[in-house]
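What follows is one structure encoded as structure tokens, with my remarks underneath.
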Amino acid sequence: SERERVGVKLWFLSSCNRTECCAPVSETSPYEMVRSQELNALLGPKASMQAVDLLCDLHNTTANTGLCLITYSDRDWICLHICKHLEMASTPVRYVHFDIPLNEAYSLDSVGKHGFAMEIGPQPHGVVRSVIFSAMQEGVQLMMDWICQFNSGTLFEGGWVDVYTMVKNIDYPRDSETHVITAAVHPDLQDRDFCLLHPGDPMFLCFSGETLRYRGKEALYPFFINEGAYYEKGVALSLARKRRVQIPSVRSETLR
């Protein structure tokens, strides 16, 4: 759906991501590929001056992430200021940075000049949880409030935002021949998204009863722990490094 204010047009999108927006299509092409190109034509084209100002792609996750803004830039002052504004919400919000070039970005929010996925969990697929619904609703409303104020010329003071930059993904332990999963996320790690994981901490509990520990050289922050949609992708959890990013004061005129 579309929301428009003076100066900035915002689109909210249900998930149709991780598909090719530029690949050739035919009558036999999958629906997702065809739809992604339709959306790229409608909202972009990607990386063009005609692209919409801001895209927000709403997601849910089975992982205990709370509210997250997921982007491909740690220097997008619009997205960072929105995250800072969302810190007013009753639900903690975290800024997750996927450090890949924008032209390699696979999600729909990358089509806009600015964009992010607003993701919240834990939310099982096909289930409505009132607490999660209310938290997402609050996040969207605060974002709309920020856009309205920005378009009216409000000056937003600078400050600091914690940025979680993804370092790597970790797969489940698997049988060397069949590739079948041989362990589950350890109980001490389950639901501890964005809680620091130290070398030597329990990571997996094998079905044989053995505990496998984190062997990394540095403490990192796990997230998307045991995400249901990632089993087929070979991802048990992702690990991120946290740092503080200073953001400047912004007003709509300063970004033109």
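Cβ coordinates come from backbone N, Cα and C, glycine included.
Where the annotation comes from TrEMBL, it is an automatic prediction and has not been curated.
What TrEMBL lists as active site, proton donor/acceptor is E119. What TrEMBL records for H59 is Zn(2+) binding site. What TrEMBL lists as domain 'Succinylglutamate desuccinylase/Aspartoacylase catalytic' is 27-146. What TrEMBL lists as domain 'AstE/AspA barrel-sandwich hybrid' is 161-242.
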Among H59, E119, the one of these recorded positions whose Cβ has the fewest neighbouring Cβ atoms within 10 Å: H59
Rounded Cα-Cα span from the residue listed as 'Zn(2+) binding site' to E119 (active site, proton donor/acceptor), Å: 5
Secondary structure of E119 (active site, proton donor/acceptor) (DSSP, helix/strand/coil): strand
